[in-house]
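Q: A single structure is presented below for examination.
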Amino acid sequence: MGIKGMWKDLRTSPVDTLVRWQEQRLLWLLMAVAMGALIILAHSFFQIYLYMAPCEQCVYIRYAMFVMVIGGLVAAINPKNIILKLIGCVMAFYGSILGLKFSLKLNDIHHAVHNPDPDSLFGVQGCSTDPTFPFNLPLAQWAPNWFKPTGDCGYDAPIVPDGVTLSSTQQWFVEMYQQSEGWYLLPPWHFMNMAQACMLAFGMCLVLLVIMSGAWALKIIRG
C-alpha cells in the first residue's frame, strides 16, 4: 500500500488504521532502529571519532534510548500479542519520559555554564563520573565505553588527546565544533544544542506513543 492509500485509510478510519499499524512490525522496528542509530552515532562518531567525551546526563540519555530499543524489539517479536505489545509500550513510554527528563536537565546545565552571568550557576547540580542508573544497573561497569561518563555536563566540545594525528575529515569536524564551543545541529549559528536535539527526538516519540496508545484504548473500549 502506498502513502496515498495509507493516508486515505487514516482519514476514513483513523482508530482502526492506527491500531492496524501497531500490529505490524514496521513501526516497532523503526523506533528500535532510530534510537539504536542515535546511540551508535553518539558513541562511534562523536565520542570515538571526534573525541567528544560523554557527561553523566549524556549516558543517562543513552540508557533511555537503549530502553526504547529493547521495547521496540520486544513488541516486534509479535505485535499482535497483547503482552508483548504492552511490554513494548511501557518500555517506550518509560524511555521517552526518562529521556525527556535527562535532556531537560542537561539543557538547563548547558545554558547555565554558557551564560556569562556567574550567578546563573547558582543551584545547578554538577555532573558525577560515578553514575547511578535506574534500578542500580551497573552499566558503567558492564559497558564503560558506552555508559561511563568522562566529560563535564554542558561542555561538549571535542578534546583531542596529545599526540593524536587527525585525518583531514576529523580535523574539519573537530575545528567546527571547537569554534562553536560544543555540539549544535547547525554549529555556525549555535542552533539547537545536543540536549535540545534529544528533547525533540524523545518528544516526537512520546507524542506518537500517546496517539497510538489512545487509538488502542479506544479500540478496546469500543470492543
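Yeah, the Cβs are placed from backbone N, Cα and C, and that goes for glycine too.
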Q: So, in Swiss-Prot, are Y51 and T150 both on one side of the membrane?
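A: Yes, Swiss-Prot places Y51 and T150 on the same side of the membrane.
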Q: For the transmembrane segment (26-46), find every same-chain residue at least 6 residues outside the stretch whose CB is under 8 Å from a CB in it, and list them.
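A: Contacts of the transmembrane segment (26-46) (Cβ under 8 Å, skipping residues fewer than 6 from its ends): 52, 54, 58, 62, 65-66, 68-73, 75-76, 79, 88, 92, 95, 145-146, 183, 201, 205, 212.
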Q: Let me know the DSSP-derived helix, strand or coil state of C153 (disulfide bond), please.
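A: DSSP assigns C153 (disulfide bond) to coil.
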Q: Where does C58 (disulfide bond) sit by DSSP, helix, strand or coil?
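A: In the DSSP reduction, C58 (disulfide bond) maps to helix.
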Q: Say we define neighbours as other CB atoms within 10 Å of the CB. Which of the disulfide-bonded residues C55, C127 has the fewest?
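A: Candidates: the disulfide-bonded residues C55, C127. Fewest Cβ atoms within 10 Å: C127.
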Q: Which has the fewest other Cβ atoms within 10 Å: C58, C153, the disulfide-bonded residues listed?
A: C153
Q: Counting by DSSP, what is the helix, strand and coil composition of the topological domain 'Cytoplasmic' (219-223)?
A: 4 helix, 0 strand, 1 coil
